[in-house]
Amino acid sequence: MEITLFDPIDAHLHVRENALLKAVLRYSSEPFSAAVIMPNLSKPLIDTPTTLEYEEEILKNSSNFKPLMSLYFNDDLTLEELQRAHEKGVRFLKLYPKGMTTNAQNGTSDLLDEKTLEILENAQKLGFILCIHAEQAGFCLDKEFLCHSVLETFALSFPKLKIIIEHLSDWRSIALIEKHDNLYATLTLHHISMTLDDLLGGSLNPHCFCKPLIKTKKDQERLLSLALKAHPKISFGSDSAPHFVSKKHSANIPAGIFSAPILLPALCELFEKHNALENLQAFISNNAKTIYGLDNLPSKKARLSKKPFIVPTHALCLNEKIAILRGGETLSWNLQEIA
């Protein structure tokens, strides 16, 4: 059995910086045609020059791959700065509530203050897409749900602004997406295939710790159903986020799962298991093209076959290891060729 996926798109990707970027980028740039690149670096991408500099670093270390750049939402994003970014091809704003995830210490404290709403109004006028890490302070399993009132306010106040709930994790958010025409979402591999049991049901597994948290069986099943039917308002976004094992095995574990090396084989396995392989093309590419208005992307064909693939346990960067999701396991699908 074989399947060919055309122009795979990762709508939510972290490729880090410097040596780590060079070590992990190929796992995404080779099989994927394009990816929405997250801006929460150690020095966040808060303006056009730093964003374009990072884009150039990605382009230098890849080929036949389109990084879709995003700006880190901040109070200094004037109308002029947004216009400058838009003229250079930047189409995404990423809003991080302060302190909610990795490198979000510079995030937005009050999501509904006057300055935030002013920036969103300008973003709507210029045709930006707003990507939001939709969590608010509260009990860890309810943080996304607690952000619903903010999402509703945004959706109603800015009806022409496309708003993406990144890495949807709570089944209660599905109704919001279906209620508001301008609300969309991305889904990760880990949120549609894993639950809290994978993180802490046995021994604590730091390599399954991410934000938003993987949640209950009900959440996983409801989100998986969206993916399997390729719901038209949902696109695939891996949120692949590499960290060194030395940091993952520490007293202060950073959030993030490195899934890039297994994405296409694991998705094929999952969709085949549920008799939904015919919908994988839409989930992995077509929906994103429609939602984000993407065209003129690098052409790419990923051919996979139903042959065993033993997942490597680690990727290497200098003298450090990066644990790969499902490392050491055998998947039933294998990436055979990229053209």
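Note: Cβ is positioned from N, Cα and C throughout, glycine not excepted.
The secondary structure of Lys94 (Zn(2+) 1 binding site), as reduced to three states from DSSP, is extended strand. Residues or ranges marked as Zn(2+) 1 binding site by Swiss-Prot: His12, His14, Lys94, Asp239.
Taken residue by residue with DSSP, His133 (substrate binding site) is part of neither helix nor strand, so it is coil. Positions annotated as substrate binding site by Swiss-Prot: His14, Val15, Arg16, Asn40, His133, His243, Ala255.
Under the heading Zn(2+) 2 binding site, Swiss-Prot lists Lys94, His133, His167, citing sequence analysis as support. Lys94 (Zn(2+) 1 binding site): 24 other CB atoms within 10 A of its CB, across all protein chains.
The annotation N6-carboxylysine is assigned in Swiss-Prot to Lys94.
Shown in sequence order, His12, Leu13, His14, Glu166, His167, Thr186, Thr188, His190, Cys210, Gly256, Ile257, Ser259 are the residues of the chain, 6+ apart in sequence, with a C-beta less than 8 angstroms from the C-beta of Asp239 (Zn(2+) 1 binding site). According to Swiss-Prot, the feature active site maps to Asp239.
Each of the binding-site residues Val15, Ala255 was scored by the other Cβ atoms within 10 Å of its Cβ; the lowest score goes to Ala255.
Annotated pair Asn40 (substrate binding site) and Lys94 (Zn(2+) 1 binding site), C-alpha to C-alpha distance, rounded: 9 Å. Other than His12, His14, Lys94, Asp239, the residues of this chain whose Cβ falls within 8 Å of the Cβ centroid of the Zn(2+) 1 site are, in sequence order, Leu13, Val36, Ile37, Met38, Asn40, Cys131, Glu166, His167, Gly237, Ser238, Ala241. Inclusion criterion for the binding-site residues Val15, Arg16, His133, His243, Ala255: a C-alpha placed within 10 angstroms of the C-alpha of Lys94 (Zn(2+) 1 binding site); this criterion is met by His133.
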